[in-house]
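Reading through the structure tokens given below for one structure.
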Amino acid sequence: MNVRGIFSSKKKRLDIFDWVRGKHASIVCFQETHSNEDIEKLWQDEWGNTCIFSHYNNKSAGVSVMFNKGLDFKIHDSKIDQKGRFIVLDLSLYEQRLTFVTVYGFNTDEPSLFSDILHNISCYTNTSILMCGDWNVVQDFHMDTYNILHNRNLNSRNKIEEISQTFELLDPWRTCHPDDKKFTWRQTSPIKQSRLDYFL
């Protein structure tokens, strides 16, 4: 979930935390948190359980993974990006070992980000991998955009495709809805839409 900055407004942050809790999700991933190391204890206290952070500064980037109470999990290892773009976790959920990744992609074509993620995933031998986030890259220009003129970030898309092929990952929503056009980002005046947020 791209929260577009929750550093400066406590009310916005707590409202988002409350809204997400109402969804009863076991694990929540935030992108564009605009966080720094100084807030870790405060946000963890406000959330009420374990949080993992990747910071950049309080004006841009930042991702976090928030675990809800009652979840049976253990974090064995973590790879934390120093520019607030991704977290890679080696963890167990109810004794099932997996690699869990959340990502916040650049607006520009930065395939090196996904090369770094590929490298960090490869550090673990887990056969189960789950990736999610705001990739800022569509997988299929024709199916995942509306009224977008330019097919951007081609190198990043190719690197994401390499990750998918290397680890045999699928987009579950697209697999279940092969012909549907739905979007996670929208601009008005004029209307432009893209599906930038997805799981692999």
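Backbone N, Cα and C atoms are what each Cβ position is placed from, and that goes for glycine too.
Just so you know, TrEMBL annotations are computer predictions that nobody has curated.
Per TrEMBL, the features are:
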- 2-200: domain 'Endonuclease/exonuclease/phosphatase' (DOMAIN)
- Asn2, Glu32, Asp134, Asn136: Mg(2+) binding site (BINDING)
- Asn136: site 'Transition state stabilizer' (SITE)
- Asp197: site 'Important for catalytic activity' (SITE)
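Here the features listed in TrEMBL are placed on the structure.
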| residue | record | Cβ within 10 Å |
| --- | --- | --- |
| Asn2 | Mg(2+) binding site | 18 |
| Glu32 | Mg(2+) binding site | 19 |
| Asp134 | Mg(2+) binding site | 22 |
| Asn136 | Mg(2+) binding site | 23 |
| Asp197 | site 'Important for catalytic activity' | 18 |
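Across the domain 'Endonuclease/exonuclease/phosphatase' (2-200), mean pLDDT in this model comes to 97. Here Asp197 (site 'Important for catalytic activity') is positioned 9 angstrom away from Asn2 (Mg(2+) binding site), judged by their C-alpha atoms. Put simply, Asp197 (site 'Important for catalytic activity') is 13 Å from Glu32 (Mg(2+) binding site) when counted between their Cα atoms. Listed in chain order, the residues near the Mg(2+) site other than Asn2, Glu32, Asp134, Asn136 are Gln31, Tyr104, Gly105, Gly133, Leu196, Asp197, each with its Cβ within 8 Å of the site Cβ centroid.
In the three-state DSSP classification, Glu32 (Mg(2+) binding site) falls within coil.
Between the C-alpha atoms of Asp134 (Mg(2+) binding site) and Asp197 (site 'Important for catalytic activity'), the distance comes to 4 Å. Note: the CA-CA distance between Asn136 (Mg(2+) binding site) and Asp197 (site 'Important for catalytic activity') rounds to 7 Å.
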